[in-house]
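Below is one structure; the comments refer to it alone.
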Amino acid sequence: MSSDDLLPSREVRSLHGHKGPVHAVRYNQDGNYILTAGSDRTIRLWNPETGLSIKTYEGHGKDVFAVCVPPTGADNSRFASCSADRSVFIWDVGTGRPTRRFTGHHQRVNAVAFNAEATVVVSGSYDASVRCWDSRSNSRTPIQLLEDAKDSVEAVQVLDTEILTGSVDGCVRIYDIRMGEVITDKVGHAVTSATFTGDKNCVLVSSLDSTLRLFDKENGELLNDYKGHKNDEYRLISCLSNTDAHVISGSEDGNIYMWDLVEGNLLRTIKAHNRAVTCVAYHPKKAGMTSSSVDGTVKVWGGADT
């Protein structure tokens, strides 16, 4: 059986609990739990194996657009979220209460990410800024402010001493915090999602021209593009499989699309949701994934053997 045959394409279960669109979904480090963020102002913790809704986190005043967990090996007892209420929260998983609130952005906050040690949380906002916060402090002043973007920042990710951002101004930027440098790559279309590949050598970018692109991280060379899905209106968060072999994205037609990373060819289309698929997250250790949608549902997907 080829690796393509093991791609998750079988619906294992559908999770219902959010009222209204679900904007994002994230696995924890070992893949045993997922967090979902919704327009109903809540974050929900689920067991994707059983479908059990474990806890609901309430505190944001408007839509919650993104959640993130500390990277592998870091603290598993907390996570961060960001919202249209212009704030970033750090939550205690067990108590269900926020332990930190950062409120320096002037507009909605679209994206949030921890650094490797989970000592810093980075947020990207509609106000076109990226702010870095000391996660151990209650200070309202960010420890760093990045203002190179000319439009809404839709994606942030931290890798070692680098911060990756994607913006509606059509640019992907990589900041080397240690060197004090920034590299800008022009995509030419509004960027909705940007992520490093697992091997850290490339960047996968989604944009509002119904195209995903793979760039070489070092020189910005376009290595491949992926087409077939529809994405010209919504922010869709794409991902790679845990082996980096496949590119996966939701679509405004309710489908999930899967491509071969190297060849660029479309391998599979899954009829997933009734409306736009806002986010797809891949299981960190096995052939499985979770998707969220404007239709209010979250779906768990497994391979043929799971």
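Backbone N, Cα and C define each Cβ position, glycine as well.
Note that this is a predicted model, so its numbers are computed, not measured.
For 15-56, 57-101, 102-143, 247-269, 270-306, the entry in TrEMBL reads repeat 'WD'.
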Counting by DSSP secondary structure, give me helix, strand and coil numbers for the repeat 'WD' (102-143).
0 helix, 18 strand, 24 coil
So if I exclude everything within five residues of the ends of the repeat 'WD' (247-269), which remaining residues of that chain have a CB under 8 angstroms from its CBs? That is, six or more out.
4, 7, 9, 204, 206, 212, 214, 224-234, 236-241, 275-280, 282, 289, 291, 293, 295, 301
Could you give me three numbers for the repeat 'WD' (15-56), the DSSP helix, strand and coil residue counts?
0 helix, 23 strand, 19 coil
What residues in the same chain, six or more past the boundaries of the repeat 'WD' (270-306), come closer than 8 Å to it by Cβ-Cβ distance?
1, 5-16, 18-27, 29-31, 34, 36, 38, 46, 48, 51, 72, 233-242, 248-258
Averaged pLDDT score, the repeat 'WD' (270-306):
93
